[in-house]
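Structure, as structure tokens:
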Amino acid sequence: MTNRSQDKHILVNRDALIDGTIVSVLVTGSAITLYKGYTCYLKQLTNASQIPTKVFRRKWLYGKVTSVGDGDNFHFFHMPGGVLGGWGWIRAVPKLTKNEKKTASLSFHWGTNKLKQQNATYKNKRNLPTISVRACGIDAPECAHFGNPAQPYSEDALIWLRHRILGKKLWIKPLKTDQYGRCVASIRIWTWLGYSDICLEMIKEGLAVVYEGKTGAEFDGREGKYRRHEFIARAKKKGLWSQKRLQTPGEYKKRYQ
């Protein structure tokens, strides 16, 4: 083989090596980019402990409510990216069973204190990879538990919240994780009039009071608004404010702790 042929052969091998290296770098770079994109935007969070610190107070999470435990907490199935993230066509979304049972609850359609037959559209679905969420800035009447009696309007608050959000998709903004491992969060659901604050709705209907704790309260900057509407609901004797001898959820907890 002549020197010229040898040089040409070396150049071809060198070019092939360079091309292979470039392709390898591009593939590796693309894989890293895809992985970072997935972990940042499309990775599902399955409990409150998995929520990154950078998300608290800054970002909204999208998902579906799969169960409602009482008047101020529920389980949230995180669906990052929504439809664009593959949910409903590549990634499975939990389907809830329709609830045919009619239950009496406080009417909220006409802003009265009259009881009406109202259907919680779906039944709770448990044992799913969900985030336990505690509504921020409010306290709903306590349901019966650990042998303690239920507070008046606790069942109304529970049924109202189930009717309002169970089986529906909404947004939460994580604010902190409480001592029970729940994500304390601000909550928004889409309506024809725009996004609605679920916590504020409950205060307006007299189905929750502004959170009474002296420390650790979270309002996402809306404490003043919550207190104004609590004052209005109280003046109108809406919901729990219609009682002659009112015991707030905070007072109830102190009594039975």
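Any Cβ shown, glycine's included, is placed from N, Cα and C.
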Notebook entry, point to check: Taking 17-34, 197-214 as the choices, which stretch does Swiss-Prot tie to transmembrane segment?
Noted result: 17-34
Next item on the list: Give me the non-local Cβ neighbours of Arg134 (active site): same chain, 6+ apart in sequence, Cβ-Cβ under 8 Å, ordered along the sequence.
Entry: Asp72, Asn73, Asp178, Tyr180, Arg182, Cys183, Val184, Ala185
